[in-house]
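Written out below as structure tokens is the structure these notes cover.
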Ligand code: HEM
Ligand SMILES: *[C@@H]1O[C@H](CO)[C@@H](O)[C@H](O)[C@H]1NC(C)=O
């Protein structure tokens, strides 16, 4: 192939992808314009996690759901209005996404210190970082200067977020569309080392897998039996409830590489977890991540920074929201 064609193809491939603009974000962005900002967020997040460790998981997930839909622009924080159902309302976020009050509290204190300076999208990026430190001693600097979007559309969620039923190829494609590599996809999935899942996100694996197998053969049998005691059969009339179980059986409040070890034991909760070990393209990355927790932690930190720069608004784009739940007047 001629070099020119090759360049053309790579140009087309790149322009179809999300923009990772870490270059336009700056570490220490608020140092001179609102020096208390990062401390306020950290303090608020630590206080919330001390009360309920699940909120740390919620904040990390919230940052991911923000960045994958319209970029990291705090679109996930906007409430629905009478005319417009927002991202929040989508079943991937409602009712499972948690931690909104933590962001509200941090924003209120930050606004009292320096009104209209610090964006909700930066507060969320800081809060996710502070959660990773609190629960996993994983530390990284968050380049900041994001601005907040004015648009949030429920229907855009399913087009952009990966599904818990996805296989490795689908997950790879989804992350690639956001400019993240296969390795980064596997690394970031390690966030499922903390937090919980509702039974509805994986119950087909237990009760109605396919025509020949009622349960997913890639799941450890004892694990299936245990999960059945926690999750009622979806067809049960009395089961209007949707209980939650830890995403990782071992240490659900500890952000570490134990997640990858559970995959090797066929105890991944979601299809999108277990597929990382079942699929040859990702199995070796899973194996590598089981070896050294600190190496995985450093890769996780770097991947969070990259995820945090997807399609960001900067400069004069967007706005600095006053209230993270509504666009400015
Ligand atoms: C690889 C594709 C991914 C899929 C398909 C996926 C899907 C899911 C699902 C279905 C849940 C449970 C929701 C529920 O039923 O309550 C969940 C929880 C969670 N996800 Fe993911 N996720 C993915 C990647 C990520 C990434 C990249 C992160 C962050 C870096 C992340 C962080 C979390 C956290 C922390 C929780 C627990 C939330 C809580 O306890 O409140 N996930 N995810
Ligand atoms: C059911 O799943 C198993 C394991 O993935 C597979 O081998 C089998 O072909 C599937 N059967 C049908 C009918 O799809």
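In case you wondered, yes, glycine gets a Cβ from its N, Cα and C as well.
TrEMBL: automatically predicted annotations, no manual curation.
Record features (TrEMBL):
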- 1-18: signal peptide (SIGNAL)
- 24-328: domain 'Plant heme peroxidase family profile' (DOMAIN)
- 34-114: disulfide bond (DISULFID)
- 61: site 'Transition state stabilizer' (SITE)
- 65: active site, proton acceptor (ACT_SITE)
- 66, 69, 71, 73, 75, 87: Ca(2+) 1 binding site (BINDING)
- 67-72: disulfide bond (DISULFID)
- 120-324: disulfide bond (DISULFID)
- 162: substrate binding site (BINDING)
- 192: heme b binding site (BINDING)
- 199-231: disulfide bond (DISULFID)
- 251, 256: Ca(2+) 2 binding site (BINDING)
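Feature map: annotations from TrEMBL on the structure.
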residue	record	Cβ neighbours (10 Å)
65	active site, proton acceptor	20
66	Ca(2+) 1 binding site	29
67	disulfide bond	30
69	Ca(2+) 1 binding site	27
71	Ca(2+) 1 binding site	24
75	Ca(2+) 1 binding site	26
114	disulfide bond	15
162	substrate binding site	19
192	heme b binding site	25
324	disulfide bond	23
Rounded Cα separation (Å) that holds between residue 87 (Ca(2+) 1 binding site) and residue 192 (heme b binding site): 22
Sequence-ordered recorded positions from 61, 67, 87, 162, 251, 256 with Cβ under 6 Å of an atom of ligand 1: 61, 162
When distances run from the Cα of residue 120 (disulfide bond) to each of the recorded positions 71, 72, 231, 256, the nearest one: 72
Recorded positions clustered about residue 324 (disulfide bond) [Cα within 10 Å; pool: 61, 66, 67, 75, 162, 192]: 75
Binding-site residues listed as 73, 87, 256, least Cβ neighbours within 10 Å: 256
Residue from 65, 67, 72, 231 whose C-alpha is spatially nearest that of residue 192 (heme b binding site), among the recorded positions: 65
Extra residues within 8 Å (Cβ to Cβ centroid of 66, 69, 71, 73, 75, 87), Ca(2+) 1: 65, 67, 68, 70, 72, 74, 76, 149, 152
Which same-chain residues, if any, lie at least 6 apart from residue 199 (disulfide bond) yet have Cβ under 8 Å of it: 227, 230, 231, 232, 242, 243, 244, 245
Entries of 34, 114, 162, 251, 256 which, being recorded positions, have CA atoms within 10 angstroms of residue 66 (Ca(2+) 1 binding site): none
The residue listed as 'substrate binding site' to residue 114 (disulfide bond) - Cα separation in whole Å: 37
Residue 65 (active site, proton acceptor) in three-state DSSP notation: helix
Integer average pLDDT (0 to 100) for the domain 'Plant heme peroxidase family profile' (24-328): 97
Spatial neighbours of residue 65 (active site, proton acceptor), counting only the recorded positions 34, 114, 251, 256 and Cα distances within 10 Å: none
